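Asks: Found this in Swiss-Prot, in case it helps:
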BINDING   G22, T23, S24, V25, D26, G27, I28, D29  ATP binding site
Amino acid sequence: MRVHDDPCNPNPAPLYLGLMSGTSVDGIDAALVRINANAITHCELIAAQTSAWDPNLRTTLLELSQGQNTASLDQLGWLDAQVGLAFATAANTLIAKTGIKHTQIRAIGSHGQTIRHRPHGDLPFTWQLGDAHRIAELTGITTVADFRRRDVAAGGQGAPLMPAFHLAILGSANENRAVLNLGGIANLTLIPMTGPVLGFDTGPANALLDSWYQRHHHETFDQSGNFAASGKINQKLLACLLADPWFTLPPPKSTGREQFHLDWVTKQLEPTPPSPADVQATLLELTAVTVADALLRQQPKTNRLLICGGGAHNPVLMARLAAHLPNVTVESIQTYGLNPDYLEAMGFAWLAAQTLDGQPGNLPSVTGARGLRLLGAIHPA
């Protein structure tokens, strides 16, 4: 795809590039967007693509995020550089395909790769790998990164960060909306017609579904939810999983693979495990039930639930959500002309714009931070 500026508009809105890899570590999403001068009301996706991880690097990152690998300082330094290199390569590859010049892009917003998220305790922290100095050096583009840590330092969860972006592009004065990102972890943004926006993680989504599927198949994910559809929900297993006290915590709350991983599931499978397909069906139902329960408790008069992330392509999961939410319109954000696969990458491009424009990127009503904060560190080109 070649991108050309409109000759009738000599001062087009600036371009930004967002980079995102989530808890599933299933690829690096790169999104080139044009954001209007206010960085509030309009964010146009110009081009996007997903770059595959090196398989060995992906395995190491998954092990780290699940606490299965204790890396040395040398290994962590090497991984930080490798992730930075992978992100820079993803950015440069997309830019080359568009035909634009690097100098036309005002900034890159890079999420990095989360390897640990500990928002509770005496000294909370969150840690994302991906050397932003290296990204700026290899792309020649100012890079804004490390968005979550300032919110954590201000007493917040550091997550989710997308609600401010969701409000900017999907808020409505006519109906109560919610945005559901079905990535590795499911998270909700609640956007009422009036009142504060809320946002929080609801529990596992693709992280568990993909991991269980990969244990029994060569492919990386359950295409169209077919494997889950071939099984039956095991109510006993579902009840055991739902008994985890994390699900009853009130917002603000966030989680990750360190909380919800395959060992968490397999501990509940003894002494007589259900069939693999039944476990897949039960994990899918777990996602649907926890999302629906959270939505009905926190915003019971929701009119519309807009879905993004990989789960938006899973018709079985979409159907289960609709079944649990009969009075809510459940639909993909594709209905609004937005690509469900790249909304988060677009969001980090938007966050970069917010930071460079001196505007806050967090919502204290979502994260629990003490106030609005500029997010991220700026690494000049």
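Placement of Cβ uses the backbone N, Cα and C atoms for every residue, glycine included.
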Asks: Other than G22, T23, S24, V25, D26, G27, I28, D29, which residues of the chain come within 8 Å of the ATP site, judged by Cβ distance to the Cβ centroid of those residues?
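Replies: Here the non-site neighbours turn out to be M20, S21, W53, G183, G184.
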Asks: Indicate the candidate from V25, I28 with the smallest number of other Cβ atoms within 10 Å of its Cβ, considering only these binding-site residues.
Replies: V25
Asks: Taking each of the binding-site residues D26, D29 in turn and counting other Cβ atoms within 10 Å of its Cβ, which one has the fewest?
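Replies: Across D26, D29, these binding-site residues, the one with fewest Cβ atoms within 10 Å is D26.
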Asks: Which residues, sitting 6 or more apart from T23 (ATP binding site) on the same chain, put a CB under 8 Å from its CB?
Replies: S65, T114, G183, G184, I185, A207, G256, R257
Asks: Does DSSP put G27 (ATP binding site) in a helix, in a strand, or in coil?
Replies: coil
